[in-house]
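Copied over from TrEMBL, here are the features:
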DISULFID  Cys66-Cys72  disulfide bond
DISULFID  Cys94-Cys104  disulfide bond
SIGNAL    1-30  signal peptide
Amino acid sequence: PAKPAAQSPMKLTALQLLLWHSALWMVQEATPLGPPSSLPQSFLLKCLEQVRKVQADGAVLQERLCAAHKLCHPEELLLLGHALGIPQAPLSSCSSQALQLTGCLRQLHSGLFLYQGLLQALAGISPELAPTLDMLQLDITDFAINIWQQMEDVGMAPAVPPTQGTMPTFTSAFQRRAGGTLVASNLQSFLEVAYRALRHFTKP
């Protein structure tokens with residue numbers, strides 16, 4: 001069932017609080033827990049479904065930013081993104097060269113937590129984009145909670161949650177829209193790596 005699109009970021013406080021307490025503690029070296037079969041197939045398949053849902057939400061945001069504001073080429077905004085301090089989430093433990101089960105899930109959860117904060121920073125981007133942004137936030141939150149609960153179930157969850165990193169401050173409508181274009185583009189790249197890793201973990 002579709003979630004109500006009218007929810008504002010201010011109403012996400014409870015979900016943000018849950019994410020805050022269940023946030024990922026990033027570690028320098030993650031030790032693999034075991035083979036892919038140590039995770040339930042039902043969890044992995046749900047994750048794959050959630051990746052595609054968040055990707056679809058992100059694609060809608062990209063399309064609307066392109067159509068309404070002519071922000072169609074994120075590569076043209078990279079210098080601005082650097083100046084604004086828009087962070088990217090690492091997924092080194094999910095790469096095909098260094099795939100680690102525990103490290104990948106932890107980085108995936110931490111990355112979703114980061115993107116949830118970035119989308120919160122984009123609040124007020126424009127009235128016509130607000131419902132799309134809200135839906136994207138809700139679906140990312142659901143995905144992060146799903147991963148955290150599974151990590152707790154199998155003993156992967158870190159003991160100490162981190163504090164939220166410093167989010168960029170957008171001081172104009174253009175900066176918010178340009179930031180939205182970059183965040184959506186970075187999110188899609190993040191999700192593609194995550195999808196490949198999750199597909200690998202579903203293999204027997």
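Sequential numbering from 1, following the chain as shown.
The backbone N, Cα and C atoms fix where each Cβ goes, glycine too.
These numbers come from a predicted model, not from an experiment.
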Checklist line | Sparsest-packed among the disulfide-bonded residues, when each Cβ's other Cβ atoms within 10 Å are tallied, from Cys66, Cys94, Cys104 | finding: Cys66
Notebook entry, point to check: Tell me, how many other CB atoms lie within 10 A of the CB of Cys72 (disulfide bond), whichever protein chain they belong to?
Noted result: 12
Next item on the list: Round to the nearest Å and give the CA-to-CA distance linking Cys66 (disulfide bond) with Cys94 (disulfide bond).
Entry: 30
